[in-house]
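Per TrEMBL, the features are:
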type	residues	note
ACT_SITE	Lys196	active site, proton acceptor
BINDING	Trp18, Arg38, Tyr55, Lys112, Ala145, Arg260, Glu286	NADPH binding site
BINDING	Lys112, Arg260, Asn261	substrate binding site
DOMAIN	12-165	domain 'Glycerol-3-phosphate dehydrogenase NAD-dependent N-terminal'
DOMAIN	185-325	domain 'Glycerol-3-phosphate dehydrogenase NAD-dependent C-terminal'
Amino acid sequence: MSEQANLSPTLVLGAGAWGTALAMAMARNGHETWLWGRDKQHYLQMQTSRENAKYLPGIAFPDALSVVDDVHKAIQSCGHVLISVPSKAFVESLQMIKPMLAAKTPVSWATKGLAPDTGELLYDVARSALGESHPLAVISGPSFAAEVAANLPTAFTVASEDGDFAKQLAGLFHSPTLRVYTTYDVLGVQIGGTVKNVLAISAGISDGLGYGANARAALITRGMAEIRRLAAALGAETETLFGLSGIGDLILTCTDDQSRNRQLGLAIGRGLSVDDAVKFVGKTVEGMDAAREVMLRARQADIEMPIVEQVCKILFEGYDPRESVQALLCREQKAELTPPVN
Ligand SMILES: NC(=O)C1=CN([C@@H]2O[C@H](COP(=O)(O)OP(=O)(O)OC[C@H]3O[C@@H](n4cnc5c(N)ncnc54)[C@H](OP(=O)(O)O)[C@@H]3O)[C@@H](O)[C@H]2O)C=CC1
Ligand SMILES: O=C(CO)COP(=O)(O)O
C-alpha cells in the first residue's frame, strides 16, 4: 500500500461497545467515519439521539461520525473497513463485505479471538476469504470501550504485515489521549488478545472464590507463561507478549471488573452455574469460545496450558472451580528457570 492511500471514510461494521468507541475516537480526530450495526431499531436510536444508548449511553457522537443504514452502498464507497463484531460473527462479516469491496480496500478488525471450531487465526481467515490484494490489520491492546469513548488516556497496538497501512491506521486514532503503537507481528498480537480473555475468566473465578491477591498474581504470571509457550510454538515474537497486546491486556482484564471475561469468572467463582453466569453477565464473553479453541491449538502444538485446561473443564465439563484450583496447585513441583547448560 502506498503511503498516500486514502483510508477515508472508514466504515465500522458492528455498532457494539468497541466498534462505537473506535468510531468515536477516529471521528474526534476529524476523520469521516461511518458506523453500521445490523439492527434497524438500534440504527434509528443512534441516528435520532446521536449516541449509542444500547452500549455506551450518555456519550455524544462527534460531528464526523455518521450512522449508516445502507451497508452495501457504504462498503462500496468507503476507503477502509474496520470490523468490530464478536469472533463468532467474523466470517459472516467477511462474507458480507467481500462481494462489494473495491479492489485493494484495506480491512482491519478489532475482534479478539480465533475462528470458531478450527481455532484458525483471524488474520489467516481474512487472508483466505479476501485474497491477497487487501492490506489487513489487527487492532488490539488494553482498552476498555467505555474509557476510550469517554476520551480517557489509552494505548493500543495496530499490527499489519503492511507497514504503511499500520502507520496510516494508527494515525487515524492517534491523539493526545490515545497513543497507538504499530508492529508487524500480527501473530503475537492475535495470540495475546485471544488467550488473555481465557485467563481473565480464571482470575475472576479465583477472586470469586475469595482467593486472595497472591493467587491472582500467580495466575497472571503463570498465565503469561502459557501465552508465551503458545506464541513461541506458533512462531510469534516473544517481545510482543511483553507489550500492550500481551501483558498489557492480560493485566487489564484480569484485574478490573469492567472486563466481561473477568465478570463471568467472578460469577462462577461466587457459585453460579456456568449457564447462569453467562445469563448474569449477558454480554459478549470472548473467552468462552476462545478457551476451547486455544486448547485445541495447544494440543496441536503439543504444549501444556494447565490454566486454560482447567478453565475448559469448569466451562464445558462441569468441574467444580475449587477442584480445578486444587488440580493446579497439586501439579508436580517445577523450576521457574533452569540454569543454562554449558
Ligand atoms: N468492549 C471492549 O472494551 C473491547 C472489545 N473488544 C473486542 O471487540 C469485539 C466486539 O466486542 P464488543 O463491541 O465489546 O461487543 P458488544 O457485545 O458490545 O457488541 C457486539 C456487536 O456486534 C454485533 N454483532 C453480533 N453478531 C453480529 C453479526 N452476526 N453481524 C453483524 N453484527 C453482529 C452486535 O449487534 P447487536 O447489537 O445487534 O447484537 C453488536 O453491535 C470482541 O471480539 C471483543 O473481544 C476488544 C477490545 C475492547
Ligand atoms: O479486551 C478488552 C479490553 O482490552 C475487553 O475485555 P472484555 O471483553 O473482557 O470486557
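Using N, Cα and C of the backbone, Cβ positions are placed for all residues, glycine too.
Pairwise Cα distances among Trp18, Arg38, Tyr55, Lys112, Ala145, Arg260, Glu286, the recorded NADPH-binding residues, top out at 22 Å.
Asn261 (substrate binding site) has its Cα within 10 Å of the Cα of these binding-site residues: Glu286, taken from Trp18, Tyr55, Lys112, Ala145, Glu286.
Arg260 are the binding-site residues among Tyr55, Ala145, Arg260 whose C-beta comes within less than 6 Å of an atom of ligand 2, given in sequence order. Put simply, Lys196 (active site, proton acceptor) is 23 Å from Tyr55 (NADPH binding site) when counted between their Cα atoms. Excluding the listed site residues Lys112, Arg260, Asn261, the same chain places Asn197, Ala200, Thr253, Ser259, Thr284, Val285, Glu286, Gly287 with Cβ atoms within 8 Å of the centre of the substrate site Cβ atoms.
Taking a Cβ distance under 6 Å to any atom of ligand 1 as the criterion, the recorded positions Arg38, Ala145, Lys196, Arg260, Asn261 reduce to Arg38, Ala145. Predicted-model confidence for the domain 'Glycerol-3-phosphate dehydrogenase NAD-dependent N-terminal' (12-165) is 97, expressed as mean pLDDT. Counting residue by residue with DSSP, the domain 'Glycerol-3-phosphate dehydrogenase NAD-dependent C-terminal' (185-325) contains 111 helix, 0 strand, 30 coil. Between the binding-site residues Trp18, Tyr55, the minimum number of other C-beta atoms within 10 Å of a residue's C-beta occurs at Tyr55. Taking all protein chains in view, 23 other C-beta atoms sit within 10 angstroms of the C-beta of Arg260 (NADPH binding site). Around Arg38 (NADPH binding site), taking its Cβ as the centre, 15 other Cβ atoms fall within 10 Å, counting all chains.
Of the recorded positions Lys112, Ala145, Lys196, Asn261, Glu286, Lys196 has the largest number of other Cβ atoms within 10 Å of its own Cβ. Summarising the substrate site geometry, the residues cited as binding it (Lys112, Arg260, Asn261) extend over a maximum Cα to Cα distance of 13 Å. In this structure, the CA atom of Arg260 (NADPH binding site) is 12 Å away from the CA atom of Lys196 (active site, proton acceptor).
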